Amino acid sequence: MSSNNSNQDNFIRFALEAKVLSFGEFKTKAGRLSPYFFNAGGFNDGARLSALGRYYAKALQESNIQFDMLYGPAYKGITLAAATVIALADAGLNVPYAYNRKEAKDHGEGGVLVGAPVKGKVVIIDDVISAGTSVRESVDLIRKAGAEPTAVLIALDRMERSGTAAEIGAKSAVQAVEEEFGLPVISIANLTGVMSFLTASSDVQLSNYLPAVKAYRDKYGI
């Protein structure tokens, strides 16, 4: 489930300007040669983070998912959850958020979870879903707290089947998460949107990457 075309196009443009979305030749962790790269760590100043929070908030509100709070898995998810709840508050919806520590504390407030009490319907927020490990850990922590995971919110759905360069799985990581946990995955943008953006772009240098992206999707995409 991706955001509407306007929000998606604006986000893709924003990611390109921030050099978070790049085109060229990049080797993925799975050993595949990808014609594009998405690195959410490039949203690294106040203005970019503020804008990013608004894109996440808009995608979440447009999804019509019912939720009570956000949860950001360490480490990237912490900043994303904070930015998004600020954007939601600016839009008139004040919701709590929480996150986890990588290692439990045995002093002070202790425990693994930090922030608001984890309860009600919880949206997990992250940048992308690669192997789904972060989501599985988050679902486990949320359920152990007695709350209900209700959706996963990400920036980009690569729409790419799992596996390696040689061994290609039947499903994408997003599809696997949706099937395993019965949770909808909401994305601000997806690969279909990126390809549509390239197709419509008046920037020849940018649109020249479309054949490589299409070939990559034909080989590894869903």
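Yeah, the Cβs are placed from backbone N, Cα and C, and that goes for glycine too.
Quick look at what Swiss-Prot lists:
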- K29, 75-76, 101-102, K105, H107, 126-134: 5-phospho-alpha-D-ribose 1-diphosphate binding site (BINDING)
- F37, F38, S130, R158: orotate binding site (BINDING)
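Shown on the structure are the features that Swiss-Prot records.
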residue: K29; record: 5-phospho-alpha-D-ribose 1-diphosphate binding site; CB count, 10 Å: 8
residue: F37; record: orotate binding site; CB count, 10 Å: 15
residue: F38; record: orotate binding site; CB count, 10 Å: 18
residue: K76; record: 5-phospho-alpha-D-ribose 1-diphosphate binding site; CB count, 10 Å: 18
residue: K102; record: 5-phospho-alpha-D-ribose 1-diphosphate binding site; CB count, 10 Å: 8
residue: D127; record: 5-phospho-alpha-D-ribose 1-diphosphate binding site; CB count, 10 Å: 20
residue: I129; record: 5-phospho-alpha-D-ribose 1-diphosphate binding site; CB count, 10 Å: 24
residue: S130; record: orotate binding site; CB count, 10 Å: 16
residue: A131; record: 5-phospho-alpha-D-ribose 1-diphosphate binding site; CB count, 10 Å: 13
residue: R158; record: orotate binding site; CB count, 10 Å: 25
Please give me the CB contact count at 10 A for T133 (5-phospho-alpha-D-ribose 1-diphosphate binding site), counting all chains in the structure.
11
Quick check: which same-chain residues outside F37, F38, S130, R158 lie with their CB within 8 A of the centre of the orotate site CB atoms?
T28, S34, Y36, N39, V128, L156, E160
Considering Cα atoms only, can you say which of K29, K102, D127, I129, A131 is the nearest neighbour of R158 (orotate binding site) among these binding-site residues?
I129
Cα of K29 (5-phospho-alpha-D-ribose 1-diphosphate binding site) to Cα of F37 (orotate binding site): how many Å, rounded?
12
Can you tell me the three-state DSSP label for T133 (5-phospho-alpha-D-ribose 1-diphosphate binding site)?
helix
Report the nearest neighbour of F38 (orotate binding site) in space among the binding-site residues K102, A131, T133, comparing Cα positions.
A131
Measuring Cα to Cα, how many Å separate S130 (orotate binding site) from K102 (5-phospho-alpha-D-ribose 1-diphosphate binding site)?
19
C-alpha of K102 (5-phospho-alpha-D-ribose 1-diphosphate binding site) to C-alpha of F37 (orotate binding site): distance in Å?
26
What whole-number Å value do you get for the CA-CA distance of T133 (5-phospho-alpha-D-ribose 1-diphosphate binding site) and F37 (orotate binding site)?
20
